[in-house]
Amino acid sequence: MASEVEKKAVFDIDSAKEVVQELRASFVAGKTKDYEWRRTQLKAMLKLMDENEPQIVAALRDDLSKPELESSIYEIAMLKNSCKLALKKMKHWMMPEKAKTSLATFPSSAEIVSEPLGVVLVISAWNYPFLLSLDPVIGAIAAGNAIVLKPSEISPATASLLAKLVANYMDSSCIKVVEGAVPETTALLEQKWDKIMYTGNGRIARIVMAAAAKHLTPVVLELGGKCPVIVDSGINLQVATRRIIAGKWGCNNGQACISPDYIITTKDYAVELVRLPVYVYICNLVLFNLSSQALFILQVDSFKCELELFYGKNPLESKDLSRVVNSNHFARLLKLLDEDKVSSKIVYGGERDKSNLKIAPTVLLDVPQDSLIMNEEIFGPLLPIITIDKVEDSFDLITSGTKPLAAYMFTNNKKLKEKFVEKVSAGGLVINDTTVHLAEPTLPFGGVGDSGMGAYHGKFSFDTFSHKKAVLYRSFAGDAPLRYPPYTNGKLRLLKSLLGGSILGIIRALMGWSKA
């Protein structure tokens with residue numbers, strides 16, 4: 001009997017088919033298209049977060065040892081903001097957009113109607129398992145779709161909590177969570193969806209895209225890549241260092257798709273980057289018989305100073321650093337770090353604690369370009385520094401590889417900023433900071449090339465899960481015989497002029513004049 005119960009509990013292709021059929025029935029009935037349904041579901045999601053924040057923080061701690069501040073701000077608060085924005089703007093987003101018409105269809109009017117795609121699948125990632133699961137769902141709800149969410153099995157505590165909370169707070173006839181690993185995901189991918197959104201790595205993205213191609217299903221792929229940071233001279237180096245640290249180790253200990261992956265700077269300035277001058281003023285130094293201020297310049301290690309200030313002298317014991325997600329990723333990172341040509345390049349950090357899956361923030365200088373660490377996305381607490389002869393060389397270095405999800409530059413040089421924007425193709429660019437573009441709902445968030453396709457956040461989320469339907473309105477008046485046989489040279493000339501929008505050409509055609 002026990003084996004029979006276990007068999008029934010297995011989520012297979014038939015189970016996936018039943019789920020999709022149920023959701024499609026709800027969608028066809030028009031349930032999700034109603035504005036009030038959309039508003040109610042978004043309000044329910046806000047209530048879900050308000051009433052369960054401690055449990056969400058605890059689940060994220062279980063999965064990643066994620067600090068409470070990172071969980072509360074970077075996952076829950078950002079998600080609440082997305083929800084509130086959708087509630088505020090959704091009615092406006094749903095309104096048809098007026099479109100201009102031409103002489104070719106005169107008299108007429110036109111509009112673009114946003115309609116929901118249907119039943120969509122969201123496959124989320126483990127590194128921000130709460131945010132990256134529900135943020136796309138907000139856009140899909142706002143656009144009026146039925147949804148299946150497949151959270152990552154690599155963050156099991158959050159996945160389990162998501163399944164429980166969504167079932168308790170949301171409309172289960174239209175929104176479902178399916179837990180599981182490869183077999184469950186495979187069963188889901190066998191189904192016909194109206195859109196699939198996947199957040200993760202390029203290897204799995206190819207599998208998702210191949211499965212979607214069988215049904216001609218459109219996809220959104222939010223991937224990653226090696227996000228570079230260009231550091232120019234003549235900047236506020238302490239602020240730049242802090243912002244790099246915040247974007248690297250302050251974002252899930254480097255386990256984020258937009259975390260800085262490596263730094264590019266000049267050979268001369270690399271020394272300054274690693275060693276930051278600190279100016280100390282001491283007033284009325286009796287020892288030196290000085291009655292005025294005295295200025296002393298000390299040299300301290302920039303990254304070392306700031307990292308110790310943030311995480312202490314033993315960062316492996318810091319409660320403000322997430323751990324590596326599992327033993328497989330821990331082993332992968334050690335393989336990058338312990339490569340012969342790389343291990344001697346460590347200038348700070350390198351400590352590891354296998355029992356707790358922790359690696360200290362690690363800075364490496366002059367890492368060879370052909371090393372493993374420079375040929376795959378790091379996705380962890382290791383930060384190599386690459387040196388070049390002049391800052392402008394960094395653009396060629398970046399463009400010679402695959403297009404990253406994000407690229408960053410620290411400079412006060414206006415021409416360099418302009419060249420950076422012109423030369424570097426990436427999902428998003430930030431000048432004089434890192435990762436903060438993620439928080440702007442007015443900016444699309446997405447990749448390009450190997451870093452992904454499609455975008456979301458704010459209205460872009462609504463648009464991602466909508467079909468823009470063209471609608472042209474005409475009356476029975478003004479029916480001209482031009483488009484009907486028999487075709488004549490006069491009709492040909494007039495139609496060409498109408499389609500070309502040439503008033504003079506129309507007058508000539510009506511008067512029977514040729515261009516000659």
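Placement of Cβ uses the backbone N, Cα and C atoms for every residue, glycine included.
For reference, TrEMBL has these:
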- Glu222: active site (ACT_SITE)
- Cys257: active site (ACT_SITE)
- 15-274: domain 'Aldehyde dehydrogenase' (DOMAIN)
- 315-471: domain 'Aldehyde dehydrogenase' (DOMAIN)
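Glu222 (active site) is 9 Å away from Cys257 (active site) when you measure Cα to Cα.
Counting every protein chain shown, the number of other Cβ atoms lying within 10 Å of the Cβ of Glu222 (active site) is 25.
The average pLDDT for the domain 'Aldehyde dehydrogenase' (315-471) in the predicted structure is 96. Other Cβ atoms within 10 Å of the Cβ of Cys257 (active site), summed over all protein chains shown, number 29.
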